[in-house]
Each structure stands twice: as structure tokens, then as C-alpha cells.
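First up is the structure itself, then whatever we jot down about it.
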Amino acid sequence: MTAILERRESTSLWGRFCNWITSTENRLYIGWFGVLMIPTLLTATSVFIIAFIAAPPVDIDGIREPVSGSLLYGNNIISGAIIPTSAAIGLHFYPIWEAASVDEWLYNGGPYELIVLHFLLGVACYMGREWELSFRLGMRPWIAVAYSAPVAAATAVFLIYPIGQGSFSDGMPLGISGTFNFMIVFQAEHNILMHPFHMLGVAGVFGGSLFSAMHGSLVTSSLIRETTENESANEGYKFGQEEETYNIVAAHGYFGRLIFQYASFNNSRSLHFFLAAWPVVGIWFTALGISTMAFNLNGFNFNQSVVDSQGRVINTWADIINRANLGMEVMHERNAHNFPLDLAALEVPYLNG
């Protein structure tokens, strides 16, 4: 006699909901992190689109001089941005119900806080969803670990830096030219180009691009021929095939002779781990650098560090960078400062009569 045991299906509405949320058979996996990710990212995206098109000018510096950022107020795709929350609000939590009216909320840049906080929560949940799906499929968790690098970078720019500087008005504007403005001001105030963690980030991003191009070109150049001259080489691969699609020995031999033997990986697994780890670690360091500079632990300062035997300064590139930083800083928020600090130290000429 054969007994057939079947798993008892939950008949409750909550049970069916749980099964649907955690099912890996859905076209798109939702997961418990997705329950929070979907509404937060939809909210951030919707408010961003509406504000980018139609938001009124924002008093970013808190001096009653609003700055326009939306398309309907004279901007284009390049110059448009979501203007950060006003310096008058600082780090205060500023939802719509904290303002006297919607007009006041818009004037003080409330949409920026709403978008940024929902966005950060959403991308963090996306990272958790990657881990959750990997766990349910029996995969290793490194996809979520790799994604933690851009999550850390976004958190550093949109949350940690404003906290360190004391106001959301110091956060990065959500737009193309606003991003460039943020970068220039960051250099002027923190000398980020001379910070070792930023240098590691540059090495990670550009090095990752180089290694990706090298790997892709090596693989493409050492494909195992499965097609004729008149067919695309891509037709020689069938999704899910067990056979190797390229000759790693040939790629290893080529690269080893091009540079030297030990510069080439002979293990496909360690190679792909390296390709993932290099840019991720670099971006981690950049996020850490932004987070330290948020509290004014700035880049190295070698200004006027080289002098001759008479004590006279021999200008170096560090001094050139310093002059550029001063120029950028005095142009920043020029209407907010009656006496820019870099100019206030100059002696005022005495006029007789």
C-alpha cells in the first residue's frame, strides 16, 4: 500500500498572501523587502517626476532668494533639478503636515526630503530583496554585497553628508547640473581630490572599467568556434549549455605572454571574484571618504609646503589647486555671505579724506 502525503495548503487569506509574496515562481520576485521597496520607490519616482516638471522655486539658502529648478520655471533637462530643502529647515524632519500650507512646504523644498528619504529606504530594501531571493534559491549572498557599494555611496551623499554639515540644503541636488555643482563645491570645501579614499574610489571605478573591458575582449577573442564564417559567433551558444563557450587556457596563455605569466588568472572563479571585488571595495572607500569629509575631516593640504633656503614658497600643484578651491568657494552661495570668509581676512585700504 502506498501512502501519498501532500503539503497542506493554507486556506487563510494571510497564508495565501505570504505564499505569493515569497514565491520564486512569480515573474518578478517580490519578497518581504519588496513589500516596502515597491511603495517607497514608486513614491520617490512619482514625486521626482512631478517636482522636476512643476515645482516652484525653493529658498535653498534660507535668505528669501528662491532658486528655480523645474522645467516649467525656465529650466531644461540639463539645468533642471530638485532643489534641496532650505537651510531654514536644517535637519528637521519636514513632512507636508509639518508645514502651514503646501505652498510653504514647496517653498522650503519639502519634496527633496521626501524623495531622498523614500529613495534611500527603497534602494536599501532592493538590496535586502536581492539577498532574500538569493537565500530562497540557495545561492550565495554576494550579489547583495556588491550592491551595497552604490547603496553606501548614495547614503553618504544624500544622508550622511547633510547630517555632518548640519542641513539638507548641503545635500546633492537631484539633477545633472546640480550634481556637477555639488562636486565643485565639495572640492572647494573639502579638497576631495587630495583625499586617499577618493583616490581608491577612482582606482576602483576606472580599474573596474579596464578589467571589465580586458575580460570581455579576452573571452570574445577566445570563443570556441561553433558556427561557420557566414553566421554570427553568438549563434554558437545555447542558453543553459554545459560546455564551456570559450577557451580559458587560450585566454590565459595570451594574457600571460602579453604581460607576464602571473598577471593572468588560471582560475575562473577567482577571476570573477576579483572583477566584482575591485570596484566594490573602491566605491566602499569613496563612500567612507564622503562620510568622513561630511564632518570636515578633509583631504590632504600641501599648500605652501615647499620652501627654499630663504623660506620663500616654491609653488607646487597643491598651491594651484588651493587657488582654484578659493575661487570656487567664494563663488558658492555668493548671495548668502555678506563677507565671504576667504575675502574677509584681506586688509581694507585706508582712504584719506
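Backbone N, Cα and C define each Cβ position, glycine as well.
Swiss-Prot lists HIS118 with the feature chlorophyll a ChlzD1 binding site, giving sequence analysis as the kind of evidence. In the three-state DSSP scheme, HIS118 (chlorophyll a ChlzD1 binding site) falls into the helix class. Around the Cβ of HIS118 (chlorophyll a ChlzD1 binding site), a 10 Å sphere holds 20 further Cβ atoms from the protein chains shown.
Around TYR126 (pheophytin a binding site), taking its Cβ as the centre, 19 other Cβ atoms fall within 10 Å, counting all chains. Under the three-state DSSP scheme, TYR126 (pheophytin a binding site) falls in the helix class. Marked as pheophytin a binding site by Swiss-Prot on the basis of sequence analysis: TYR126.
ASP170 ([CaMn4O5] cluster binding site) is surrounded by 21 other CB atoms, counting those within 10 A of its CB over all protein chains shown. The [CaMn4O5] cluster binding site annotation in Swiss-Prot covers ASP170, GLU189, HIS332, GLU333, ASP342, ALA344.
Here Swiss-Prot flags HIS215, SER264, PHE265 as quinone binding site, drawing on sequence analysis. DSSP assigns PHE265 (quinone binding site) to coil in the three-state reduction, outside any helix or strand.
Per Swiss-Prot, phosphothreonine is recorded for THR2.
The N-acetylthreonine annotation in Swiss-Prot covers THR2 and is backed by experimental evidence.
For TYR161, the entry in Swiss-Prot reads site 'Tyrosine radical intermediate'. In this structure, TYR161 (site 'Tyrosine radical intermediate') is part of a helix by DSSP.
Counting only same-chain residues six or more apart in sequence, the Cβ atoms lying under 8 angstroms from the Cβ of HIS190 (site 'Stabilizes free radical intermediate') belong to MET293, ASN296, ASN298, GLY299. If you look up Swiss-Prot, you'll see HIS190 marked as site 'Stabilizes free radical intermediate', on the strength of sequence analysis.
According to Swiss-Prot, the feature transmembrane segment maps to 29-46 (among others).
Swiss-Prot lists 118-133 (among others) with the feature transmembrane segment.
Annotation source Swiss-Prot lists transmembrane segment at 142-156 (among others), citing sequence analysis. Long-range contacts of the transmembrane segment (142-156) within the same chain, counting only residues at least 6 positions beyond its ends with a Cβ under 8 Å from a Cβ of the stretch, are 119-120, 123-124, 126-128, 130-131, 134, 276, 279-280, 283-284, 286-288, 290-291, 294.
Under 8 Å from some Cβ of the transmembrane segment (197-218) lie the Cβ atoms of residues 251, 254-255, 271, 274-275, 278-283, 285-286, 288-289, 292, 299, all in the same chain and six or more residues away from its ends. Sequence annotations record features per position, and here Swiss-Prot assigns transmembrane segment to 197-218 (among others) based on sequence analysis.
Beyond the ends of the transmembrane segment (274-288), by six or more residues, the same chain brings 142, 145-146, 148-150, 152-153, 155-156, 197-198, 200-205, 207-208, 211-212, 215, 265 to within a C-beta distance below 8 angstroms of the stretch. According to Swiss-Prot, the transmembrane segment annotation covers 274-288 (among others).
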SER264 (quinone binding site) to TYR126 (pheophytin a binding site) - Cα separation in whole Å: 35
Which of TYR161, PHE265, all recorded positions, has a Cβ with the fewest other Cβ atoms inside 10 Å: PHE265
Maximal Cα-Cα distance (Å) across residues annotated as binding quinone, namely HIS215, SER264, PHE265: 11
Cα proximity to HIS332 ([CaMn4O5] cluster binding site), best match among recorded positions HIS118, TYR126, TYR161, HIS215, PHE265: TYR161
Distance, TYR161 (site 'Tyrosine radical intermediate') to ASP170 ([CaMn4O5] cluster binding site) (CA atoms, angstrom): 7
Other same-chain residues whose Cβ falls within 8 Å of the Cβ centroid of HIS215, SER264, PHE265, the recorded quinone site, in sequence order: MET214, LEU218, ALA251, HIS252, PHE255, LEU271
